[in-house]
């Protein structure tokens, strides 16, 4: 028995996507426009962390701009906008997904350097280096996401004039190309960042438990703990379920797993976890608040210590 003989009923996803994406569009548009305005025009202290957060907000906003087209498609179940916009929308989805993961990881590493190695890292933690890292992140995510759009084109549904987008990759494409792309983006865009986030957060917590460190920096331990907690919760809540499910989905589409119960479970989980992942556009501003508040205080404390 192969997966093609299993039940593939997942039409509930269209209603789910339409509702969730509509909420994400409204909240994400407002939150990220406000964030970009603050980072660009009103923020008095701009450092390397601000650079990462600004790029994260831009990544979110670019994806949010594509949501009205997706919402229309999921409601009407027809893509009238052409192949080019379909490819752009697919590219921006993966660019935002893994760009968000990598920029959040940059923030986590920056926090690790600021707290665990506050003075030795001063030459590394510069706005110039942060810009270089951001360029590298954009190149990496575009290199990983753009190839996926090459295999995405609009197709007619059952010989009608209605066309599809975002779905229906043939299994031959999954077996030859897409499975390799998934392996690349999962290793570079998810597993390595996940390990870095957990490791950096653990090292920061160990450092904060040293009385000498706390008294020297006079940094509120409570604020840092809140920042780490919020960061890890948002990272794990938004990205872990989807990426684990994506691996299972890839195994299903390449017919590595052919059990019908597994196929049914994965087809049910995939739309749900994708909606959770997309919601990161709304949660990222929470990271901005806790990160900018704590890092600003940390930089001030370090500057005072250097001047004394």
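Note that Cβ sites are derived from N, Cα and C of the backbone, with glycine treated the same way.
Residue 165 (disulfide bond) falls outside any helix or strand according to DSSP and counts as coil. Here Swiss-Prot flags 86-165 as disulfide bond, drawing on sequence analysis.
Swiss-Prot lists 5 with the feature N-linked glycosylation site.
Here Swiss-Prot flags 281 as S-palmitoyl cysteine, drawing on similarity to another entry. The Cβ neighbour count for residue 281 (S-palmitoyl cysteine), using a 10 Å radius and every protein chain shown, is 26.
Residues annotated as topological domain 'Extracellular' in Swiss-Prot: 1-16 (among others).
Here the topological domain 'Cytoplasmic' (44-52) has a mean pLDDT of 85 out of 100. Under the heading topological domain 'Cytoplasmic', Swiss-Prot lists 44-52 (among others), citing sequence analysis as support.
Per-class residue totals from DSSP over the topological domain 'Extracellular' (77-89), listed helix then strand then coil: 8 helix, 0 strand, 5 coil. Annotation source Swiss-Prot lists topological domain 'Extracellular' at 77-89 (among others).
The feature topological domain 'Cytoplasmic' is assigned by Swiss-Prot to 110-130 (among others). Here the topological domain 'Cytoplasmic' (110-130) has, by DSSP, the following mix of helix, strand and coil residues: 11 helix, 0 strand, 10 coil.
Positions annotated as topological domain 'Extracellular' by Swiss-Prot, on the basis of sequence analysis: 152-178 (among others).
Positions annotated as topological domain 'Cytoplasmic' by Swiss-Prot, on the basis of sequence analysis: 207-224 (among others).
The topological domain 'Extracellular' annotation in Swiss-Prot covers 251-269 (among others) and rests on sequence analysis.
For 290-308 (among others), the entry in Swiss-Prot reads topological domain 'Cytoplasmic'.
If you look up Swiss-Prot, you'll see 17-43 (among others) marked as transmembrane segment. Within the chain, the transmembrane segment (17-43) has long-range Cβ neighbours (under 8 A, six or more residues past its boundaries) at 50, 53-54, 57-58, 60-61, 63-64, 67-68, 70-71, 74-75, 271, 274-275, 278-279, 281-282, 284-285, 288, 292.
Per Swiss-Prot, transmembrane segment is recorded for 53-76 (among others). Outside the transmembrane segment (53-76), and at least 6 residues removed from its termini, the chain residues within Cβ reach (under 8 Å) are 13-15, 17-18, 21-22, 24-25, 28-29, 32-33, 35-36, 39-40, 85, 88-89, 92-93, 95-96, 99-100, 103-104, 107, 134, 137-138, 165-166, 280-281, 284-285, 287-288, 291-292.
Per Swiss-Prot, the feature transmembrane segment maps to 90-109 (among others); the stated evidence is sequence analysis.
Per Swiss-Prot, the feature transmembrane segment maps to 131-151 (among others).
Positions annotated as transmembrane segment by Swiss-Prot, on the basis of sequence analysis: 179-206 (among others).
The 10 Å shell around the Cβ of residue 165 (disulfide bond) contains 23 further Cβ atoms across the protein chains shown.
Separating the Cα atoms of residue 281 (S-palmitoyl cysteine) and residue 165 (disulfide bond) is a whole-number distance of 22 Å.
Put simply, of 90-109, 179-206, 270-289, the stretch with the most CB pairs closer than 8 A to the transmembrane segment (225-250) is 270-289.
Helix, strand and coil counts from DSSP across the topological domain 'Cytoplasmic' (44-52) read 5 helix, 0 strand, 4 coil. In the three-state DSSP scheme, residue 281 (S-palmitoyl cysteine) falls into the helix class.
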